[in-house]
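Everything on this sheet refers to the single structure shown next.
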Amino acid sequence: IVTKTSFLSFEISELVKKNVGYITQIIGPVLDVASSPGKMPNIYNSLIIKGQNSAGQELNVTCEVQQLLGNNEVRAVAMSATDGLTRGMGAVDTGAPLSVPVGETTLGRISNVLGEPVDNLGPVQSSTTFPIHRSAPAFIQLDTKLSIFETGIKVVDLSAPYRRGGKIGLFGGAGVGKTVLITELINNIAKAHGGVSVSGGVGERTREGNDPYMEMKESKVINEQNISESKVALVYGQMNEPPGASMRVGSTASTMAEYFRDVNKQDVLPFIDYILRFVQAGSEVSALLGRMPSAVGYQPTLGTEMGSSQERITSTKDGSITSIQAVYVPADDLTDPAPATTSAHLDATTVLSRGLAAKGIYPAVDPLDSTSTMSQPWIVGEEHYETAQGVKQTSQRYKELQDIIAILGLDELSEEDRLTVARARKIERFSSQPSFVAEVFTGSPGKYVSLPETIKGFQMILPGELDNLPEQA
């Protein structure tokens, strides 16, 4: 008789159970496991450790093989806490990489890095699983069409428009509005485009995971009454979990998004919040695996790890994946290796300014620092391009004049410069926009502004049609 133990998508038969190793060393979340001669697990295979701790509580830890050490030993990284594990405990090689449930049944649910639900709504009823390590699509499969992805957010659509099927980075320090902007984008895209989103929370704090979840339920992006009508699947690797979980939760989210693209042939929006914590988790794991650190203490494989994860997030002829990634900028330094490495892969960058946030202008997007490969007249059209350039030129001149204004005052400027300053301030205030997901805090109903309306509004400010109106108007 062959007995089977169900674990996620794996059914570990007695035949596989014969490939059992044992723990020889535990260093925090990193484990060394000895296996039988000739039966060493492959790189990225998942190992399952079951047993009891000293208090008699059941333990169930999944690890991923990272290094083959020789002498029939491998080094693995745990995906959950290793508290209670002891040397000599058995470790079962599943014979395959970690696989997670995919498909419509994941919508409206919160899963961890292993694909297990953590929202107390019962198991995810999915018969389909995908391994989290998958190859990027071949070049011949890629979709090379260029089209704008309208977000309904004025300053984004005008200054640095997003490409459908592109990769977008939201750059900003702490507290400038990255998470709110991501949640607003999920809301707008679900309602205006009818697409599905996958939100990958990498190293999330409680607030960062809980607040968007509650806001999505309020805005019906997650439908509690009929969960199957939800438009987003959430995957969280929490901050209190080992670095292995944060390092792989992005791969789990990408895998779920790839199913909607490749099988359902849908347009998908994976949101990664934050990509920096993926880098930090990789740095921790790299140090624990004994690799020499590189610049600023980051892992020497930073470029390779970033490239392998980013290349999977792409559009094919079957469907598009438009990825939006929040990039925390340490100490507001854009030259730090983490944001610098990330920006090399992006089609558009939306930079959030602390100065604008301090003025109460939200979303605090800086049109001068934000860039997009779509900002070309032959892609967006002459009218859009000229308007965006006019906004940037006016904002740049205002920025140049700020030191003079601070020292000598506004009255010392020429008439032309005073007009420029007045128009730049109107542009700043016109760029702000009430958010759907922040209605409960601001008391102002959210607004979705189409691209033609956005262009028309800025075109009225630039030549001075609205010079007679006060800034507050």
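Every residue, even glycine, has its Cβ placed from backbone N, Cα and C.
The feature ATP binding site is assigned by Swiss-Prot to Gly172, Gly173, Ala174, Gly175, Val176, Gly177, Lys178, Thr179. Lys178 (ATP binding site) counts 25 other C-beta atoms within 10 Å of its own C-beta, drawing on all protein chains shown.
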**Request:** Give the residue from the binding-site residues Gly173, Gly177 that has the most other Cβ atoms within 10 Å of its Cβ, counting over every protein chain displayed.
**Result:** Gly177
**Asked** For the binding-site residues Gly172, Gly175, which one has the sparsest Cβ surroundings, going by other Cβ atoms within 10 Å?
**Response** Gly175
**Request:** Using DSSP reduced to three states, classify Gly172 (ATP binding site) as helix, strand or coil.
**Result:** strand
**Nonlocal residues around Val176 (ATP binding site), in sequence order (Cβ under 8 Å, 6 or more apart)** = Leu352, Ser353, Arg354, Ala357, Ala364
**Asked** Tell me, how many other CB atoms lie within 10 A of the CB of Thr179 (ATP binding site), whichever protein chain they belong to?
**Response** 24
**Fill in**
The correct three-state DSSP answer for Thr179 (ATP binding site) is helix
